[in-house]
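**Q** Dropping a structure here in structure tokens format, bear with me for questions.
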Amino acid sequence: MTKLTHLTMADALAGLAAKEFTAVELTQAHLDAMAATKELNAYIIETPDVALKQAADADARYAKGEQRALDGLPLGIKDLFCTEGVQTTAASHILDGFVPPYESTVTTQLFRDGAVMLGKLNLDEFAMGSANITSHYGPVISPWSPKDEAGNFTRKLVPGGSSGGSAAAVAARLALGATGTDTGGSIRQPASFVGIVGIKPTYGRCSRWGIVAFASSLDQAGPMTRTVKDAALMLRSMAGYDPKDSTSIDVPVPDYAAALTGDIRGLRVGIPKEYRVDGMPAEIEKLWQQGIEWLKAAGATPVEISLPHTKYALPAYYIVAPAEASSNLARYDGVRFGLRVEGKDLKEMYENTRAEGFGAEVKRRIMIGTYVLSAGYYDAYYLKAQKVRARIAEDFTKAYELCDVILTPTAPSAAFGIGEKMDDPIAMYLNDVFTVPANLAGLPGLSVPAGLSGEGLPLGLQVLGRPFDEATVLKVGHVIEQAAGPQPLPPLVS
Amino acid sequence: MSLDKATVAKIAHLARIKVPDSDLEQLAGELNTIMHWVEMLGEVDTQNVEPMTSVVAANLRRRPDAVTDGGYPEKVVANATDATENFFSVPKVVE
């Protein structure tokens, strides 16, 4: 029998329903696996008591035949989601000791449907990063990192970021699935780096209520799983209208799993010519061509499209996101929660608290945001970036007159080592060159594993869709997944 | 245009982050790298383009102006370093 930790969510549900194993056994198998892989630093805290209680409740429902959509499935929760009674850190020193007195809407809905919380997953501080190296709790190590015969890492690879703990945990079989959030690629890029599936839904699809805010007009929650079908199952529970989030959209949530028919005949797949960026490795270009061939073989029609403002997406993002962050992070001042560092007066207490509580990357972004919003620079930077954002969104609207989905690589490279790309912030920002435009335009985007690099590391392809058309995005991702066939396991678990 | 040390010190003050004088030079360098990179936005023609503040419809929903939550001050102050009788305490502001 397959190890319990290696099951897909769909197979685990079937096994639980058939009484092949219990939710407590399934949960305990994950807690044991977590105990054996602490070196990855995927979890900030583990919550075995919560998990085993939830699992026992799930078993009681199975015994009565009253099981729910995700009943008894052990998941990891990115530590950006507030969880009632369980510490929530956003991987920042400044939230030291913060225990939310409320539960985020997304986790509320997952628990409503029977999901089990194994613990809170590591991330870049306040979700600001693309390598999970800015966490106050230390970097996450990818389970794809090579080891020598003695079992020591010979090179520590990043899992991507900011949802790096989520990505590492799902790839290393330390959770059947995990929640992520994506402001500029933070679900899709780490999914690509560790060889799993991740979808950022349309802005407004999942409630942001109770998620620690980074950039409010860009942030979206989504699932990270090992199969497209699992992403479909998990997204259905996470999504839905929430009156507590003023940007939540009141539209029905479809049965996404039912959309995975494999039938994409006649679908027009846009191939944006501007995504052939300078210096992109030949293996990524090759994978992209392979993806086009797979979709063609399944009956879809590739269409060349143009997204002329693509190269301006990253710089526009690095004005809009820091501006919103500088405003959102103003609340961390040592008064109401988290860290307080005393000073000679109130103002110095604020300055000392924020100097000690925030890490270097977060400070850099708050300062950029403060600058572009300050008197005299607002029009030149912030307003200009918002206008460029409008043109980027318009590019997609025009493109969708010619195609139904868009296919691109997820990231311009495979995973790199911890400590690389550290000197130059812009080199790090370029990780998100293919993912950021979908955030600026609010569109759904999925990363699906499609093959390996020359070094044997996972590479993903990205499928973008029309607003609220996650169903088609998942359907196309499923076709790619089937065509690519079974992918190798990370060395840590194989 | 470049940010000098004085401008960086002013931004740090506006952001309420204490930055030691010895760090200003390096921080100015980092911020300048980013600000020079975003200058490329100047190439985009944005004449007659409305700034995009949100991807969702501009009209926010309305709800009845009624109290729907609250009544638990002890929960509200539960995470404060220094709370007295359901109030947040801060260093003295007025002399």
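Heads up, the Cβ atoms here are built off N, Cα and C, so glycines get one too.
Pulled these features from TrEMBL for this protein:
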DOMAIN    A:25-474  domain 'Amidase'
ACT_SITE  A:K78  active site, charge relay system
ACT_SITE  A:S162  active site, charge relay system
ACT_SITE  A:S186  active site, acyl-ester intermediate
**Q** Can you name the residues of this chain that are 6 or more positions from A:S162 (active site, charge relay system) yet have a C-beta less than 8 Å from its C-beta?
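**A** In sequence order, the residues whose Cβ lies under 8 Å from that of A:S162 (active site, charge relay system) (at least 6 apart) are A:L123, A:D124, A:A127, A:M128, A:G129, A:S130, A:N132, A:T181, A:T183, A:S186, A:P190.
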**Q** Using Cβ atoms only, which residues of the same chain lie under 8 Å from A:K78 (active site, charge relay system) while being at least 6 residues apart in sequence?
**A** A:K120, A:L121, A:L123, A:S163, A:G165, A:S166, A:A178, A:T179, A:G180, A:T181
**Q** For A:K78 (active site, charge relay system), what is the secondary structure state per DSSP, taken as helix, strand or coil?
**A** strand
**Q** Please compute the mean pLDDT of the model over the domain 'Amidase' (A:25-474).
**A** 96
**Q** Using a 10 Å cut-off, grab the number of neighbouring Cβ atoms around the Cβ of A:S186 (active site, acyl-ester intermediate), all chains included.
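**A** The answer is 37 other Cβ atoms.
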